[in-house]
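Below you will find the structure I want to go over with you.
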Amino acid sequence: MSIIEMVLIALVYLGIFSVAGLFLVLLERRVAAWFQLRIGPNRVGFQGLLQTMADALKLVSKELTGTEKADKFLYNLAPYFVIITALMALGVIPFTKDFQAFDINIGIFFLIAISSIGVIGILLGGWASNNKFALIGAMRSGVQTISYELSVGLSLLTMILLTRSLQLSEIVEVQKNGWLIVQGHIPAIIAFMVFMIAGTAETNRAPFDMVEAESELGAGFHTEYSGMKFAYFFLAEFINMFLIAAIATTVFFGAWLSPFGITESIPWLGVFWFLLKTLILVFLMMWFRWTFPRLRVDQLLTLEWKYLLPINLVNIVIMAFVVWQNLIIQF
Amino acid sequence: MGSEAIIVFFLAGVVLVAGSNFLSNLISHKSDNAQKREPYESGMKTIGPTWVQFKVGYYLFAILFLIFDVEVAFLVPWAVVFQDFGGVAFIEIIIFLFILGLGLLYAWKKGALKWE
């Protein structure tokens, strides 16, 4: 592999990264407006398509302020963590059979590991800001992310029993005999529901947005970040939401495989199917946001440790039984 | 692309953040005054230091997490080879999860899962 090729791949993924981020911000605002019977941003470009582009340009031209009491080194280091981990995780997502930057044999494990490194960025940023709102937000983020990571890991593990492999391309290959949510029927549906709840919590989105609860913490852990430095956290949050939806698509809904193999002869249409499934799940997460009220910290921990974790442990046994007795539904 | 991709993506991330920071510094409007450099607390002055001893509850949950996260790491290889072993692996994992469930139950009864 030549250097030029590597640079090109990096550039393509940086492009996907920023376009996906910008598009999802706009989608979030339009969906929010839709749920509240408003119109939402529709003036800049066709149907507001260039709105977030304009916002990004504005953010670049804003001054990078910060408190002089902050721990300068850690304060500047924090955005690197959130951006790099989100970018790396994007690299293993199989958009089609060939469109995947690196297909390592521990794919799922890598995704779980990388998503837990991202929280270090939030903890660093919140602590280094030397701001009380930021510190409380960061601490809440820490306890919330590590708690819900267990459920993300265990629900994906339930599906690995079916796939016999951690490699994402092989996970897709197995689903040629039916998507895993159909193959695994009852335990797979439970695992999917647990995964979506835990995934929403892990990305710190409403109703689990204790980390940046506007009404009590200002802007939470990124209170002291301005301009571009704020934009990194914002962008990474939306990319993480996309990643959770993309992982769910890959593991439960057959990634780039078309329903009933209707477009199997045209491989590049895989991107369309992949994005369609992912956007439906992203919409589901936005729907959560405007439906459920925000949880308190104790309710949040009760939900994870007293409900989701025991459900997950029982669910693994059920799935193991289903696989052992060969009760899988295959076409 | 092989495992060198991880390095490529790492560098791409560094370039993205450092590059935009540089660009932002280049074109942004700059002004400075003493109030601007204060920590933001809705216009109030900060009272006391921020870096103080923090609530212990967060630490307890971190310890609990550590126990169960190691368990997830143990379960991964089991899940991959489960279909080759069948019945034996099934009974073994029931024993494993039973002991872990007892651990969770113990923490629950001790009140470690309660947020005060």
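For all residues, glycine too, the Cβ spot is worked out from N, Cα and C.
According to TrEMBL, the protein carries these features:
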TRANSMEM  A:7-27  transmembrane segment
TRANSMEM  A:77-96  transmembrane segment
TRANSMEM  A:108-128  transmembrane segment
TRANSMEM  A:148-166  transmembrane segment
TRANSMEM  A:178-201  transmembrane segment
TRANSMEM  A:230-256  transmembrane segment
TRANSMEM  A:268-288  transmembrane segment
TRANSMEM  A:308-329  transmembrane segment
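Locate each feature and note its surroundings.
Note on the transmembrane segment (A:108-128): residues 70-71, 73-75, 77-82, 85-86, 88-89, 92, 134-135, 137-139, 141-142, 145-146, 149, 152-153, 156, 160, 166, 168, 171, 202, 204, 211, 220-222, 225, 233, 236, 240, 243, 247, 251 of its chain, located 6 or more positions outside it, place their CB under 8 angstroms from a CB of the stretch.
Same-chain neighbours of the transmembrane segment (A:148-166): 105-109, 112, 115-116, 174, 180, 183-184, 187-188, 191-192, 194-195, 197-199, 201-202, 208, 247, 251-252, 304, 308-309, 312-313, 315-316, 319-320, 323, 328, counting only residues six or more beyond its ends whose CB sits under 8 Å from a CB of the stretch.
Residues 144-145, 147-152, 154-156, 158-159, 162-163, 171, 207-208, 244-245, 247-248, 251-254, 257, 281, 284-285, 288, 300, 303-304, 308, 311-312, 315, 318-319, 322, 328-331 of the same chain, all 6+ positions outside the transmembrane segment (A:178-201), place their C-beta atoms under 8 angstroms from a C-beta of that stretch.
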I need to check the long-range neighbours of the transmembrane segment (A:308-329): which residues 6 or more away from its ends have a CB within less than 8 Å of a CB in the stretch?
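Tertiary neighbours of the transmembrane segment (A:308-329) are 148, 150-151, 154-155, 157-159, 161-162, 178, 182-188, 190-191, 194, 197-198.
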